[in-house]
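The annotation signal peptide is assigned in TrEMBL to A:1-19. Feature annotation from TrEMBL assigns transmembrane segment to A:92-111, A:117-137, A:144-165, A:232-260, A:272-293, A:305-324, A:345-368, A:396-417, A:450-472, A:479-498, A:565-598, A:637-656 (among others).
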Amino acid sequence: MTRRAAAFAAAGVALALLAGLLDIAQGQGDVPLGDVWGALFNRGDSLHDALVWDIRLPRAAAGIVAGFALAGAAVVLQALTRNPLAEPATLGLTAGGALAVTLVAAFASLAPGAPTIAVAFVGVLGGTLLIGTMAAAGGGGVRLILAGMAVGLALAAGTAAVRLARETETSGLFLWGAGSLLQNGWGPLQAGVLIGTPALLGVLALTRALDVAVLGESTARALGLRTGVTQLAAVTLAAVLTAVAVGLTGPIAFVGILAGGLARAARPRGHLGALAVALPWGAAILLAADVAGRAITGLDTETPAGVVCALIGAPVLVLVARRLRGEVGSALETRASAARWRPKAALVALAVLPLAIVGSLCLGEIRIGPGEVLSSLFGTGSPLGEIALESRAPRLAVALLGGACLAASGTVLQAAVRNPFAGPELAGVVGGASVGAFLVLLVFPDAPTLVLPFAAFAGALLAMALVLALAGGSSPTRLALVGLAITAACSAVTMLMLLHAQPAAATAITWLTGSTYAASWSDFRLLAVPALVLLPLVILAIRRLDVLMLDDDLSRALGLQTSRTRAALLAAGAALGAASVAVCGAIAFVGLLAPHAARLLAGGNHRRALPMAMTLGALLLGLADTVGRTVFAPTEIPSGLIVSLIGAPYLAILLWRSRTA
Amino acid sequence: MAEPHRVSLRAEQLTVGYGERDVLQGVDVPLPSGQITAIVGANACGKSTLLRTFARLLKPTAGTVLLDGAEIHTLPTREVAQRLGFLPQSPVPPEGLTVEDLVHRGRFPHQKLGRRTSAEDRAKVDWALTATGVEDLRARPLDQLSGGQRQRAWIAMALAQDTPTLLLDEPTTYLDLAHQLEVLDLLVDLNEQGRTIGIVLHDLNHACRYAHHLVAMKSGRVYAAGAPGEIVDETLVKQVFGLDSRVIPDPVTGTPMCVPIGRTVSKLREPA
């Protein structure tokens, strides 16, 4: 090991020890410092001794185990993807684990320790498969991170929906879901150590293969590495380590990025040296976050380590993004793509829309025929039909317009940052909207619900302004990263507010899951006003979108003021997304998938692709609304959850096919 | 040459830097009007930077680029785009575009906000497709084309922009030999129709053959500039590329042809 790497490693070990001792000294129960010290070296039968040994020590130990696991997984994932931003959270793996654990806990019982880790492993593997297909589909660099973020957000939306549906069963997971080191005894930890140690040893054995693997697949193979086996082993080990961390402490982001980044800064000779630096630093960061979380808000309303990590990690990510020169992973090969102008298919999609509208209005508690719907729409129907329409029509209208706005927003953002995995989330819209809405729920619990959309819209615009101010219009990569950072910070703040405002939480989570439930004509008007202002602007800019898609140099050479145009389009696109999120809630995937699917039917020209995307977005959210209110009636399924259920497999299939194409 | 060529694009005392490092250190380069000018040099000598500054993509730290006598950085972006076309090195097309879609985008600087595509736009696109020989491929998706076809489609896009001056950054990279010559021959055709062409080339022999005017750069400065036959010799190759060579007349065109000598060649020649 080089002297520099050794110094980094030693500093990490020292910091981890210091943070660990602080953590034990500070923990639950009022134990004088002297008693803590005494108990550590000589365990007696007193209450203090029990507190130290059965609550405080396991907590610190959980920090070490999870820190090691997250840092180890991050080093492996960063080597495999050759991407310094890869880690269990940015690739959507922790979200997969969290969803699996929440699901099982909600519908069956789940003991902590080995069973939880096993369930988390299944979820992490699911996330790994999704992201693996994306990596194989040529989504390197920031593309991969955006894809991981999309997967993570969708899975988190699923988790929130499960929690909402099974509030009592999952109430115990609340702190865990935010990422907390809190432990009840040694049992789960022993399981974590028993499972994590072999995985970590496996990673150590794999370091030499990783040294070669980072040279790229063909080079590695030429050097005699069995790349397939190496990748499989490495991914499996990373998944096991992630599962250990998720099982013990819940989904925690940024520890891996930070530890991996420090390991690179230490300039070790290979991955063995990188691990020697990253592992102690992972533990140190996690323990320090735990100490900080309790120091800031006190022991009673402690801030979970996961929230602290996100709040530390987000600014670091912004700094990294701002220091970026050039593009990460922008030199993509021209790939075969299925995006084409297919007039027949496009016509079918357009024709389906009115049919779907009438069909949706027919269905419900009272079934009425299509003729009845049409005559009621024109005010000549029977009272029964008009009553049925009174509740169905406005929410369907909101869903259709909301879906169209989200799709337009996604189309604009994808063109502006030239990244097919971008969506309204990217501009911080969803995160900002959540913070805005929650802030109102927290500060003015009695405020009329009409205030919520305005608060959400304001929050979304503020977050977007922040993203644009920090990133500017200069570089698509920088924008993506800053958007990621702001989104992470927003969700940490949201989590923090949720923890401090349990009573308002249910309303908040309903909103967060995204629902067109009980939408009225006044909601529709709220959405129609910004849509009528912004959509014409976007349509006027269609040629600019076309040119912006080409290349920064080229679009400038064609006479476009690239930075200014990109910033303006981003603002318009994000505002469209914000309006929709403000009224319909945080609905993931529509803004990502509708533009994607539209390109398959209408090709790459925005003259055709934009209207097609809006049609598909309206169809998707309209369908989700109809299914949500009819299939399990009278129980409502949030449309956001249904969209995620449709969206995740669609994305996976799409990426899988583009891999083999 | 009877009279000096009119110059439409000219760099004067141009200094360009990224951060601390000056990549171009006060260069004076005119692009003679109606000629093909090739810029050659070793890797990282500043040749692409020069071309990009010509195209108004980089802002000089000192000195100016003059387009028809006006400082290019004071001109509106769109106006520059109507007079000056630029094709970057191996651009990546967005997915789902046909050749014709791509070429249509070259008309952007001539289109007004909200106005529909005009008959002139369509005529120029047709002409660009024909001139580059891709009119049969117009409905084909870009991702189904060979490298040479795709490069011609990109050139067609720049042509549709309909500018008197066209700048190209290494348009022959990643193409096989036949396709390289195909692209260069196309540029000669365009030049003969009266276009001024500025081009960064990797291959010195191609530059000698196809360019009227050669600019040889070395570490951010112009080492020599002039007609290839007048400036290219063994000293220039040694100075600019750091390579021993023999320069002989090209058996086909009579222009200078550089035959490089590697480190080990003389050893192989020695009798055993």
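Keep in mind that glycine also has a Cβ here, set from the backbone N, Cα and C atoms.
Among A:92-111, A:272-293, A:305-324, A:345-368, A:450-472, A:305-324 has the largest number of CB pairs under 8 A with the transmembrane segment (A:479-498). Long-range contacts of the signal peptide (A:1-19) within the same chain, counting only residues at least 6 positions beyond its ends with a Cβ under 8 Å from a Cβ of the stretch, are 63-64, 67, 262-263, 265-269, 272-273, 276-277, 279-281, 283-284, 287-288, 290-291. Taking Cβ pairs closer than 8 Å, the transmembrane segment (A:305-324) reaches residues 63, 85, 178-181, 249-255, 257-258, 261, 285-286, 289-290, 292-293, 296, 470-471, 475, 477-478, 481-482, 484-486, 488-489, 491-493, 495-496 in its own chain, all 6 or more past its ends.
The list of residues near the transmembrane segment (A:450-472) in space but at least 6 beyond its ends in sequence, with Cβ under 8 angstroms from a Cβ of it, reads 318, 321-322, 427-437, 439-441, 444, 478-479, 481-483, 486, 490, 511, 522-523, 526, 530, 563, 567, 570-571, 574-575, 577-579, 581-583.
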